[in-house]
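One structure below.
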Protein chains: 2
Amino acid sequence: MASPEIEALTQALSRLPGLGPRSARRAVLHLLKKRETALEPLLSALGAVSQRLSTCQVCGNVDTLDPCAICADPRRDARALCVVEEVADLWALDRARLFPGKFHVLGGRLSALEGVRPEDLRIDSLVRRVSGGGVDEVVLAMNATLDGQTTAHYVAERLETYPVRITQLAHGLPVGGELDYLDEGTLAQALRARRPVA
Amino acid sequence: MASPEIEALTQALSRLPGLGPRSARRAVLHLLKKRETALEPLLSALGAVSQRLSTCQVCGNVDTLDPCAICADPRRDARALCVVEEVADLWALDRARLFPGKFHVLGGRLSALEGVRPEDLRIDSLVRRVSGGGVDEVVLAMNATLDGQTTAHYVAERLETYPVRITQLAHGLPVGGELDYLDEGTLAQALRARRPVA
């Protein structure tokens, strides 16, 4: 019985990850009740993003700037390049503020099953960035999945003729991980990569 | 490191009920990636609602129409009036499509603790609707809480001089409720309101 406009808003919200029809309805009610403090700020924030949104021509990040804020930041070390599958991965690593260098977003992972080939990813532009010089290290930060690791291998091969150090995120026990609950694959990796106690 | 516009959007989304900072960030990423199918529809839906949003002068519902779609619907029985605390309650009852009459939203509940007095609620306008005639039954559908029941009592008193039947939602076992897990209050209500087996 809600009006078509409210129905459309509920539909649009319910398609966001993490929101179903029920929570979208609750969110809409919240927006309707808090017009000044919730609806209008969200509307103007969405409008601003929609107007300026673009994909960074350098690294593949999505941002309202091009080059993106990370590529444009002079305090970041351009000699270290972290390659990730998706923009979400870039954000996750950047949120932790652990990597002081720049990023390169492939836009996916190689997958025979899903028919994703090298030319579907931003690999050529990565090779161009590296071949242009000025890069000392490329950190491969793909997911620890079969497709992620296949992609990492392929990228490493494409870069092996250039004078850069190619590294990969360590695999092993997650912080707080209890041996008893971890899968065999993780345990095997942790064992294989074991290190001398300092 | 995200741009201020994206930061503002994440903030605005994270204030919605059911979304925290983490899921808001995921939602923003989804919006950025699916610009045509997610961001633009949400933006235009929000804009349409923002432009037309109003509180129904008759019943207190929020809608893009005034009188709201429910008040304007001629198929609904105007002789039965269901009184609820909040717009969310109206939506919940209307979603179940069980009540064929019209509604009246009080906009809250009486509460000594929170300092909500009768004049803070839409009670006078309810009395005017009833005193105007044409209403046979008023269904009090307040929450089964102390404040809700206090409000129901007060509203019933205010309406007792008018020739209307005043009823209240039944209290008892919820569908699927197991005695073992129900609180004593519910059990006591269910026992007190027991009915002969047909």
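Backbone N, Cα and C define each Cβ position, glycine as well.
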From A:56-71, A:152-167, the residue range that TrEMBL assigns the feature zinc finger: A:56-71
Within the zinc finger (A:56-71), residues counted as helix, strand or coil by DSSP: 3 helix, 2 strand, 11 coil
Taking DSSP helix as H, G and I and strand as E and B, the domain 'Toprim' (A:79-174) has 35 helix, 21 strand, 40 coil
